[in-house]
Amino acid sequence: TMKSVIDTDFPIHCMVPKKEIGALNFLNKYPDYNGQGITIAILDTGVDPGALGLQETPDGRPKIIDIIDTTGSGDVDMSVVVTPDEDGCVQGLTGRKLKIPTSWNNPNGKFNIGIKNLHQIFPKGLKDRLTKEDKEIGWERSHKLKTAMAMAKLNDFIANDNDSLPDKKMQKENLQAAVDFLDKVDKNWSDPGPVADCIVFHDGNTFQACVDISLCGDLQSAPLLTSYSESQKFATISRAAMLNYSVNIYEEGKVLCIVANGGSHGTHVAAITAGYFPEEPERNGLAPGAQIVAIKIGDSRLATMETGTGIIRGITEAVKHGCHLANLSYGEASHWPGSGKICEVMDQAVTKHNLIIVSSAGNNGPCLSTVGSPGGTTENIIGVGAWVSSEMMTAEYSMTEKLPSNQYTWSSRGPCTNGALGVSISAPGGAITSVPNWTLQGSQLMNGTSMSSPNACGAIALILSGLKGRDISYTPYSIRRALENTAFKQENVEIFAQGFGLVQVNECFDYLTKYADFPDNKISFTVSLPKNKKGVYLRSMEEASVAHTVFVTVEPKYHHTAGPEEKIDFRCHMAVCSSQPWVVVPTHFELMNMARGFSIKVDPRGLPPGAHFAQVQGFDTQSPHRGPLFSVPVTVIKMETVQKSLEYKKNVDNQVFKPGQISRHFIQVPEGATWAELRMFNHSKEQSSRFVLHCIQLHEQRAFREHEFYKFVTIISSSSTEQAFPVQGGMCLELCVARWWSNIGDVSVSYNVEFHGVNPSDKFITMHAVDGIHRLELKSLLLEEISPTVSLKHIVQPVRPVEHNIRPLTSRDMLLGEKPIYEMVNTYNVHMTKATDVIISFPIMSDLLYENEYNSQLWLLFNSNKCLVAAGDAYPDHYGCKLEKGEYTVRLQVTQESREALQRLKDAAMSVKCKLPSAITLDVLSTHRDALMGGTRMNSTISPGCTLPVYIAPIPDDKIPKNCCSGHYLTGCLSLAKGELGKKAVTYPFNYVLIDQPTKTKSTKGNKKSGKVGQLAKSNVEKSNEDMRDLQITCMTKYEQVDFFDKLVGEWPDHIPVYLAKLQVLEAAKTRDENLDEIIGIANDVIMRINAESLAAKLGIKIDPRADAAATKSETEKQKNFMISALVYKGCALADKIIQLNQKHGKPGDHEDGAEGDQENEVGNAMLGDLKSTYEQLLMFADITDTKVLPFIYKHAMALELYGTAAKTLLRQLDDKTLKETDLKLIEVCRLLEWNHIAQHIENCLPVKYPSSYIPF
């Protein structure tokens, strides 16, 4: 029957794995040691205090003690101080009127106010959901109706054949413009996000804050909050959003931080660590009795990327709050291990403040040496790998078959490049548990070392809770040693993946209890080898071919609680052991409170190809059963070679792969090889198979990601896949073929890797325009077809700072509460001549985060209205953005405790990398002559052992992008191979340095003494008078002084720029509306001095063969521009007069009867006639879409009540330049057209588009 196959016993206990590491058994045995008394800092994307399981502990204490945003992304500048008016209201920075509730107690009556665009703190998933909902409900319903009505009016007008109407064309254009406007506004619609007023005051006891989430000034309905730590109170933005937030108030109310989680990750991590579900205890996290300090280190402006500021502040807060543990499920690939300011701060937190830091090892496996920083590269941090059990496969992944427990394929592997093991321990790396309420999901499956780290952290919390319950002291050193010495070693998992093994709670607790009194619990036995190594790592062919004698130094480093007597009394008689016969060690070693060393001999010569591991361990001879006090990892990579006789090919035939099985090959890449081609064939006739193909070459002081190939492939039955990737000759390549851990069933595959190579004489090519033709020499590994191509896709503009400032930061940035930190802010100006994709970078510190010697870097990019457009930090390629034409400001913040270090960066250049509209291709030719004189593009064959020269021709001047100058350079790549695989696999960086563009020389035809034929050269007196005139004109416009006008007109009555200068001053004056007649009069003076018919005739000439054609054309263009300017000034003034008349009396023809009414009608009709004449004359010389004439086109439409045309014109003006004044006009027009939904939308956008100041860092 059906009932007999239904398993109703759901494995809910596997949602957050506890049984596998003994945590469930421990809690059953010691229910009071459930994490009680332990505080854990969760450094992540932030934690939702309203999420399931995160409200309280089993004994009723708040689960979350404090919630802190250390990134600055939630900060609000509250430096503006106001007092309420007599009605008890203040004007918010959004422009809304804020009524102060009478229930608020504010003894001094002063309020700090600020403004926050809440989209800046919304998680991306929430923004996407709300934007979709807002568009469907708040926008599309109204907009579709208004669009349909506008189209109906247009269709009716066309159908009614209104030939009798005098302005039929203009009326039709107006109706069509309305439809066009509605379509474009709909296409360009974007959600500006809610912009909230913020208010802070002191109630006599503490600071209170209110965020106006009503968005209408209703402060009575908005929650009043204190800093979270004072009351553990939070609020919800709205029922639609379900985003919970709290606040913190700094600097005596001058800074408000609105704290909201930036993503699901941190809440999930917190629930794994310490979630508590009283109704469903099976869903509990590892340590349900522990309390949490939620620290947001993922900056919402950077898509929750961690920053130096976020981490350093976060560690400082963890220390300040007295946290016992900190979990960091973050990390990046670093260029060198164990150094940098962030790692230094973490190390001090461990050694000086007793903070145990647990971190993810990384998700970058399965190749070796892929551990991330800081989890796998920092000595005093416990790095955790990710393991999956059979029960997890059934419960979390709903797999149809239980497989043996294993390490996840993607879990990062050691060793670290400095020889350290990299992975300390492993823990279950998947869980289904709570996520933030804004997701509307409740819980979610996530996997990664991000999940194994909090699992281990929660397990450690149980252990610490037990130690605290028994009053047993511990140090971070004793905890780590106990974890590693009691971990369960999995036979089917290599040590590089699992570290010392799977964490075991009971065994670790028993170990610490049993050996609590040993004096070395306060000691970290620090191992160091020459060149700052932490272990032996032999990876090159040369290193693995000879025996090595290595000196190992062991230094006891005491915990800060150790007294001088303990240091004096310390003696340890050690037995030294090696786990492998090819590592020879001394038998004994005496250690006291000083650094001492011994030599070991590593002889890898007899080892077969592959990865080999050994450990040199030191045991206390008095208690060897405690396990090693120190370990020296020894890793040897023995490579295999590929022979020229086999065409540099390695074959593997019919290898059977089980789920999760990994096959590693370490190959000495042939000298001269530049790419490899990998082919795989699936022999199974029924089953598709999933593999990870992962290849890495390690370069000194470069992150593994720099020379990595990673591909997830699915090979269907009886088919193949073909991949290619770059390699460097003469180095070790790890080729890792890994069956995906959950891909069920055995499969047989064959694969081979074949090496190819075409080597240029320069690997990084820089060609300078001034040098002309560039020569390269090519060499080949095998016989190869080549088709060299240079493609340049970006132009790079270096920018120097225009402003530099250094200042001390506040107490919020005291390094571990001890040292003040300074910030440097450099300001850069960027001019974009056209819209394009841009990457901003600060090259001197690019790609440096954990290893950076400066604390942090962060840049914010603003448009000319101070609106935030983009942000970025250490990894510039992550933060590309599209910029429109216009002016931008970049503000760069760098922090450090040394002012001198910051001073070094005061003139540091910023790089602006812009994508070209289309790639520029350089000609690559086979001879110098062809490159000089022009020839056919090179296609050739190159033989091994031969050198083939190629010549790269310079870029013709007409192909160089405009507005370039010396210092700018084009960047792209050179490809050499002809075949598609080789061409895609390997390219070489190519930079083309530009010089100033050639100066266009003026025509010298005709009389060389003058630009005009027959014109005599001017005397010095004439030139002096003209220069004085031009200076006075400049002063008139610059300082808005018209005193010179009458004098200049008297001396230069026909010099049109004099009249235009006064028009410019009158147009800009605050009293413009009182001077409309004067504007019209002066504009007429200009128009009168230009022969319109003659000008039109000259503009109509297509080819002018006369000698002075160039000078004539230039003069004609100048006259045309004068005419257009005058007509625009005149037209705008006329339109404004008509609008004023209409507002006062109605349209001409509608005025009251009687002599006065007739006179007003006559005046109005005359002005309308003049306006029409001006408009028609302007059409002779200008395109109505020209930005110079748009102000008149708009006013002309408003005067004639052609509001559709007016709206479309304003939209064009906004496309050219975003101005608040233009948006306000558009709101007015939309109201006149009864498009209230558009007007409201634009109003909502105003605080976002036009902030009063730059947002803080």
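Note that Cβ sites are derived from N, Cα and C of the backbone, with glycine treated the same way.
Curation plays no part in TrEMBL annotations; they are all automatic predictions.
Because the structure is a prediction, the values reported are computed rather than measured.
If you check TrEMBL, you get these features:
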ACT_SITE  D44  active site, charge relay system
ACT_SITE  H265  active site, charge relay system
ACT_SITE  S450  active site, charge relay system
COMPBIAS  1002-1011  compositional bias 'Basic residues'
DOMAIN    35-501  domain 'Peptidase S8/S53'
DOMAIN    523-637  domain 'Tripeptidyl-peptidase II first Ig-like'
DOMAIN    657-745  domain 'Tripeptidyl-peptidase II galactose-binding'
DOMAIN    780-964  domain 'Tripeptidyl peptidase II second Ig-like'
DOMAIN    1017-1072  domain 'Tripeptidyl peptidase II C-terminal'
REGION    1001-1021  region 'Disordered'
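Counting Cβ pairs under 8 Å to the domain 'Tripeptidyl-peptidase II galactose-binding' (657-745), the stretch among 35-501, 523-637, 780-964 with the most such contacts is 35-501.
Put simply, D44 (active site, charge relay system) is 10 Å from S450 (active site, charge relay system) when counted between their Cα atoms. Most buried of the active-site residues D44, H265, S450, judged by other Cβ atoms within 10 Å, is D44.
With pairs at least 6 apart in sequence, the domain 'Tripeptidyl peptidase II second Ig-like' (780-964) and the domain 'Peptidase S8/S53' (35-501) have 3 or more Cβ pairs within the 8 Å limit; the two touch. For the pair H265 (active site, charge relay system) and D44 (active site, charge relay system), the Cα-Cα distance reads 7 Å.
Residue counts for the domain 'Tripeptidyl-peptidase II galactose-binding' (657-745) by DSSP state, with H, G and I taken as helix and E and B as strand, are 4 helix, 47 strand, 38 coil.
Assigned with DSSP, the residues of the domain 'Tripeptidyl peptidase II C-terminal' (1017-1072) fall into helix, strand and coil as follows: 40 helix, 0 strand, 16 coil. For the domain 'Peptidase S8/S53' (35-501), the model's average pLDDT works out to 95.
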